[in-house]
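**Student:** There's a structure below that I have some questions on.
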There are 2 protein chains.
Amino acid sequence: MQLLKDKIKTEGIVLSNNVLKVDSFLNHQMDPVLMMEMGKEFARRFQDKKITKVLTIESSGIAPGLMAALELNVPLVFARKQKSLTLTDNLFVEKVHSFTKQVTNDVTVSRKFLTAEDHVLVIDDFLANGEAAFGLARICEQAGATVAGVGIVIEKSFQPGRSKLVEAGYRVESLARIASLDNGQAQFVE
Amino acid sequence: MQLLKDKIKTEGIVLSNNVLKVDSFLNHQMDPVLMMEMGKEFARRFQDKKITKVLTIESSGIAPGLMAALELNVPLVFARKQKSLTLTDNLFVEKVHSFTKQVTNDVTVSRKFLTAEDHVLVIDDFLANGEAAFGLARICEQAGATVAGVGIVIEKSFQPGRSKLVEAGYRVESLARIASLDNGQAQFVE
């Protein structure tokens, strides 16, 4: 998606050869018009999939997830992250490890909001190792729901998340695919 | 806002005389069309305020904040909540106590994203004691920014948050004002 790539080029800050900071338009300050355009693009790419629900994870997935849900005219559900849970009644729970933050969280969704009839579009802001996307997909599977696809804002294509998801049979659509962050520059997959 | 009140009447669950559960359309599952209408309503109520930025707090403020920002055509900034911070360089930090969760969090915003020129609309999903709204307002004041107003989705008018904010000089606009949750029923302020 050209608008997003342009934004990454002009406002993204490459902190190291695997960290890209996009807090001016994606995960701290947000550009609502860009979010809306991304929502439209996700809806376009998954328009044949009979999506009934969008599922994402707090916090940075909420904005792109909401815009995709608006365009698809379905509800958004966002999973919550917690350190460790004592009460898990009526919840789907999966452990998700964050390599960036070096923590493992319990990720939860109320059993009320996913059913075996759902065709779910999983949305997240970043794809690196695929931990969050797999966690959300496993929650869908616990519910007996169909994972209709995985939509990602920024994919770090030099990390293994995408290939692991594709190998597991998921359709992955990323709005920007980054081939490398070497030499302080984001290079996109052609 | 009638659409929101209807939704509270039909889908809200009164758990006690001060707890209203709205996780089917506001803070776990979300209705994107309702969010869009709420964003339009916030924009209408603050249209004379020359807003330059919307400020909210993760996670449940992000969706209404984003829709308000979209309508006002300004960026959204969402504050992050953390248990306790070691690195606070380049951050505005305020302590915010949650009576519901009985925890005090450090709430942070990058210094890059609020300036003395900003006219800020503070948005949150619930107003009870006003802790979060005051925390966000203090962050604006640290930045030298003007708090143009406080927009709330659901105000529990029987708790002191609104009067404290109004006494402190803030304009408060709530889309639904709940007078009482007694007898398992949400009664609205006339």
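Cβ coordinates come from backbone N, Cα and C, glycine included.
Taken from TrEMBL, the feature xanthine binding site applies to B:Leu20, B:Asn27, B:Lys156. Feature annotation from TrEMBL assigns 5-phospho-alpha-D-ribose 1-diphosphate binding site to B:Ala128, B:Asn129, B:Gly130, B:Glu131, B:Ala132. Summarising the annotation, TrEMBL assigns domain 'Phosphoribosyltransferase' to B:43-157.
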**Student:** Compare the Cα of B:Gly130 (5-phospho-alpha-D-ribose 1-diphosphate binding site) against each of the binding-site residues B:Leu20, B:Asn27, B:Lys156 and report the nearest.
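**Tutor:** Closest recorded candidate to B:Gly130 (5-phospho-alpha-D-ribose 1-diphosphate binding site) by Cα: B:Lys156.
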**Student:** Around B:Ala128 (5-phospho-alpha-D-ribose 1-diphosphate binding site), how many other CB atoms lie within 10 A of its CB?
**Tutor:** 22
**Student:** Using DSSP with the three-state reduction, classify B:Glu131 (5-phospho-alpha-D-ribose 1-diphosphate binding site) as helix, strand or coil.
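**Tutor:** Note: B:Glu131 (5-phospho-alpha-D-ribose 1-diphosphate binding site) is helical by DSSP.
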**Student:** Sequence gap of 6 or more, C-beta under 8 Å: which same-chain residues meet both conditions with respect to B:Leu20 (xanthine binding site)?
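**Tutor:** Within the chain, B:Leu20 (xanthine binding site) has Cβ neighbours under 8 Å at B:Ile8, B:Gly12, B:Ile13, B:Val14, B:Ile154, B:Lys156, B:Ile178, B:Leu181, B:Ala186.
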**Student:** Counting every protein chain present, what is the number of Cβ atoms, excluding its own, within 10 Å of the Cβ of B:Glu131 (5-phospho-alpha-D-ribose 1-diphosphate binding site)?
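**Tutor:** A count of 21.
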**Student:** Summarise the domain 'Phosphoribosyltransferase' (B:43-157) by DSSP state, stating how many residues are helix, strand and coil.
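**Tutor:** Going through the domain 'Phosphoribosyltransferase' (B:43-157) residue by residue, I get 32 helix, 48 strand, 35 coil.
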